[in-house]
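Let me begin by presenting the structure, written as structure tokens, before commenting on it.
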Amino acid sequence: MGNADELLGAAFEAMGIGACIIAADGRLLRFNSAFCRMLGRTAPELQDQPWQLAAPPEIAEQPEEFLTAVLSGTPQEVGEWRLGCKNGGFVMVQVDARVISPGNGSRCALLTFTDIEARIARQYQQMAEFDRTDQALRRSEERYRQVIENVSIGIIVVQDGRFRFANPAALEITGFRPDEIVGLEFVPLIHEADRAKVLDRHQRRQRGEEIEPRYEFRIVTPGGRMVWVELAAVLIAWDGAPATLSFVSDITRRKEAEEALRRSEARYRSLIEGAPVGIVIVRSNRVCLANPRILDMVGFSREEMLTLPSFLECVEPADRELMAGVARRHVQMGSGSQQVVSFRLRNKSSETVWVEGSTVRVEWEGLPATLAFIHDITRQRQLEGNLQRALAERETILETSVMGIAFLDPKGRVRWANSAMQQIFALDRELPIGESLEAYYPSREEYLRIGAEVSAAVRDGRAFDGELQMRRADGALFWVHLSGRAVNQHDMGQGTVWVVLDINRRKKLEAALRSKTAEQDAILQSTQIGITLSVDRHHQWVNRTFAEMMGFSDKELLGVSSRIHFPDEASWKKVGAEAYPVLARGESYATECQMRRKDGGLIWIQLFGTTVDVRDMARGTIWTFVDVTKRRQAEEDIRRALAQQVELSELKNQFVSMTSHEFRTPLATILSSAQLLRYYSERLPAEEKLEMLGGIESAVARMTKMLDAVLMIGRADSGNLEFAPVPCKLNALCLALATEAARAANADGSAAQRLDTRFSPAEMELMLDEKLLRHILGNLIGNAFKYSPADGRVCLEVFGDGGDIVLIVADRGIGIPAEDMPRLFETFHRAGNVRNISGTGLGLAIVKRAVELHGGTMEVESMVGEGTRFSVRLPRVEV
């Protein structure tokens, strides 16, 4: 029986046509290789698949109806089917269907498929060989022609390199019309890149070589479109001459699909090759695929990896049983099952690599296999180990910390506390888990108050930090520094962490320090010396004395630069440049300088500075300030008094010198004239006597004038010189006074000097002191004549200028040296170039005082050798 089955199977396989057996449930039970070739599929792709894979669309829509009819035993006229192939093409077949029984009472359908195209090719060859047969053969030829005209495969006949025949399908593929293609050369249609290959095959076939009947190449249509074709050619006789019969299929879509598949495979291959994780496929414990990352992990080449007897060779021996169990579970769970497992790989150098593998059951080349994605977690394992050690170390630190640390739940109950909490609160046991801390607060009110502050801080996302009193187990109150925050401010359910530090001793020390500091502060604040502590020339502390000294409050000065106490930038920088090099040497610095108060007033300060720590200047400097303004003023007053005393002594000497000189001449005149009159009066003519008496009178008048000038200066300096303005006609008064002064200057007739006057056209009646105005014009005009050449000209100009009147006296005399200008109006001062010209040095001093009594001003312009110009400006007071 077994031999018979084998024979039947061999016969089934050897059938020249395609055949398949279909079970009653529609599955493909058995088929031969011819059937697989027709559909372009492998046996694994067809085994147990629905039979409609081999049916045309119109049958595939209702496969059960067709199968039921066949299994019923009713003869079926099936006819021709157009079968779809895997590559997208079609094949025309003649189908026959019948029912068969395997012998176990069941029924199956046997379908046979005859390839019409192959049969047509054979029949067409026979037609060429028996062209002039009888009428029966021509009818057969007509049928075949109908088939050829309607078959989907292109059929062409080429003879002597030219088309002799082309069916409609061939015309559609090539893009020609029937009247265009016959006689057309075949070779130019071939793509130039494929021509050499096609011609070579044709020549080899002509020589009788055995070559594959089917081959592929490209043609170019008249419209320029490139078409991929598959061609199967046989040699025939056409009209008694050799020709080539070719069956042409348009495989452009298949080629495009193959190219897309190739690109897709390339992309997937690139993804696999470039993946950052190891990828391996294992079938029957043998490695079928391994990407570069897994090869890096194990240290094998691809060839070494694929030739390993088992993938377990790469696994740490201690983990091999674990991985074997994974493989067994995959078998039990079936296709698509997934597992994740951590294990160790042992690389080629016997080093261990921790990995995590995600495995899934797949099919590989038709057989079950395991696809694994392997991540190197060695670093992660090391970090986990480090984390465990760190956690252990942290636990040790928390337990040995001097600070109490507690973890509370959202209701404030203890979840965990370290041993320091027990010591801080003087407990004889650990803080009980779940216990509230209310008992350790001074009162419930304090507990609720702190709780409210903590809640507000936590709600705001802040940490709570504060110092407060708490209660030990024995009831004693003590100070603690309490700080805490939420584990996760977005999820208060995770609780809070608190740190408690016993600061009771520090608080006692702070109280003692505050007491000591208060005493020192009272001393520093009550001293009459200003004291500051400065860092980088900015006040860090000042006492009240210094703040009051500078006109500030002490708070206003904290953090402020000392620059604000100096009159300008230069003086501030000067003190810094002098002081800090001295301080850096560990020495003290002392100086006196002016400083500016807040109100802008300047005071003199005695400044003394020293460093807090010469080794660390950043700790600052201490400065003391003593207000020595009154002492400096007293010293300045003494200096001024001494200067005045010197000036008075000089004035006295000048006065004595002037009087001895100025009085000696008129006194000599009086004395000589008096002696002549006494002893020689009887002998002298009357004219000489009168002349002598006139000299005596002139000398007396001169001395009287000098005494009047001295007295006037005295009255002016003592404030007793009166200012008595009366209505005056300015032009007339000035002309009279000028004429009087000119006459006095030329009284002896020895000079021929002239006075030029220019007045305003309109007379002005003003309130003026005539006596003071006489002194002003008399002295200015008299000096102009005195210090001008004998034939010199003096000019007087009087005019109004807005709210003022202006008197100008100008000459072309000897001029005034520049060095004498600052002291020109001082009493008894005379210019250095007057030589032996007589004078008292009082005239200009009297002019200046007379002008000031009028409320006016005066200016002087002069150049030695060119002359002098005095301008007097008096307020214009109308009558």
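A Cβ is built for glycine as well, from the same backbone N, Cα and C atoms used for every other residue.
Under the heading domain 'PAS', TrEMBL lists 140-209, 264-334, 390-461. Per TrEMBL, domain 'PAC' is recorded for 213-263, 339-389, 464-515, 589-640. Look at TrEMBL and you will find 658-878 tagged as domain 'Histidine kinase'.
Taking H, G and I as helix, E and B as strand and the rest as coil, DSSP gives the domain 'PAC' (589-640) the counts 15 helix, 25 strand, 12 coil. DSSP assignment over the domain 'PAS' (264-334) gives 44 helix, 12 strand, 15 coil.
Residue counts for the domain 'PAC' (464-515) under DSSP, split into helix (H, G, I), strand (E, B) and coil, are 15 helix, 25 strand, 12 coil. In the predicted model, residues of the domain 'PAC' (339-389) average a pLDDT of 85.
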